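Here is the structure we will look at.
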Amino acid sequence: MSSAVVTGIGELTTNDPELGRLADAALVVEDGVVAWVGPASSAPAADGAVDVGGRAVLPGWVDSHTHLVFAGDRTAEFEARVAGRPYTAGGIAVTVSATRAASDEELAANLRRHVAEAAAQGTTTVETKTGYGLTVADEVRSARIAAAEVDEVTFLGAHLVPPGADAAGYLDLVTGEMLDAVAPHVRWADVFCEVGAFDEDQSRTVLRAAAARGLGLRVHGNQLGEGPGVRLAVELGAASVDHCAHLSAADVDALAGSSTVATLLPACDLSTRQPLAPARRLLDAGATVALASNCNPGSSYTSSMAFCVATAVLQMGLTVREAVAAATLGGARALRRDDVGHLGVGARADLHVLDAPSATHLAYRPGVPLTWAVWRAGVRLR
Ligand code: NIG
C-alpha cells in the first residue's frame, strides 16, 4: 500500500455534501483513492508529502461529452460559419469521409493527442463517442480504439444517415447488426435527435434497441431548435440529454422531475451561433446540470473545460461554485459514476491544482491557463 499527503491546499473544493469547500486543507491518497480529507493541522502522516503552496485544488474535470475518434479538419466550415453560414448536421459527413480513410494508428494517435491535451488542462475523466464511421466495420473500430484510451465509450451509429444510404435500411443496420457488433466495446448508446438527423420515432427505435441490448442511454437533443429530444430522453430514462440550447418550459419541467442530466455544451453553442443553453432556468427548476466540452472537429473544437466554466459564469448566470460542480460532479452524474467528480473519502484521487488561490480565478481570469498540477488515480500527470 502506498500513501501520500497533499498539504498546503489554500482552498479545497470537495463536492462532498458533508465536507463542502475547505480552507487550509489537506488530503491523503492511498492506492489511488482519497483516504482522508480535513484541516491541514490534523492531517495524518503518510509515506510521501506534496505541498501545493496555498493553491486551490478541485476534482479533475469530468468531460462527459466529446467526439474524439475522428480524422481531418473542418476549418473551412468554421470560417464559413463565422461569415454567416448556419451550422447543420450535414458537416458530419465530411468527418465521416476523413475518418473512414484514416488508419487505425492515425485514429488512435489523434485520440491520444486530444486526451493528453485535455488532461494537461485538468480533465481526468473523458467520455467519447463513435459516430464518424457509420459502417459496421468503421463503428466497431472506432469503439475499439476509444475503449483503449478513455473511461467511457458511447455508440453513436445514429449520428447521421450516411450520404447515399436509405434511412429505413440504415436504421435497421444501426439497431441490428451494427449494434450487436459494437455493444461489447461500449457502455452507452446515443442518437442525434434533430432535424436533418433522426426524428422522434427513429430515435425511439434506436434507443429502445440499445436498451434491450443492455446499454445505458444518452441523447443529443434540442441543439438547433426545440424538438422531441429532451422529452424522449426523460421518457426512456436516459442518463443524459446533451445540448439543450432550445428548451420549452415543459422540457425544463420534465428535466427537473427526472434523473436525466441536462448536459450543456457552451463552447458548441458559441461556435455554432446557437443561444447559450438556459443553465440558470434549469438549476432554478431543480434539474441536474453538467457542463462538457463537446470537443469535435465540427461544432466545438476545444478540449477546454475551463473555458466552459468561465462561459457558464460570465454568460450563463451560474456562480463559480455551480459551474465547477457542473463540470465535475455534474459530469459524473451524467455518466452515472460515483467514484469521480468529487474528493470525498473513497473517490478516485483525481486532483486538479490551480495556480491560483481559489476556483473563482477560473472565471476571474478567463482564458489564462491556470492548471498547475493534475493527478489521476493518485498518479501525477503534470
Ligand atoms: O454534438 N450534434 C451532433 N454531433 C456533434 C457534432 C458533430 C460534428 O459537427 O461533427 C455535436 O455537436
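If you go along the chain as it appears here, the first residue is 1 and each next one adds 1.
In case you wondered, yes, glycine gets a Cβ from its N, Cα and C as well.
Together with Asn296, Gly298, the N-formimidoyl-L-glutamate site in TrEMBL holds one more listed residue from Tyr132, Tyr170, which is Tyr132. His159 is the residue from His114, His159, His185 that TrEMBL records in the 4-imidazolone-5-propanoate site together with Arg74, Tyr132, Gln223, Ser299. Closeness to ligand 1 is met by His220, Asn294, Asn296, Gly298, these being the binding-site residues among Tyr132, His220, Asn294, Asn296, Gly298 whose Cβ falls under 6 Å from the molecule. Among the binding-site residues His159, His220, Gln223, no residue is found with its Cα located within 10 Å of the Cα of Asn296 (N-formimidoyl-L-glutamate binding site).
Annotation note: Tyr132 (4-imidazolone-5-propanoate binding site) sits in a coil segment as assigned by DSSP. Note: the Cα of Arg74 (4-imidazolone-5-propanoate binding site) and the Cα of His65 (Fe(3+) binding site) are spaced 19 Å from each other.
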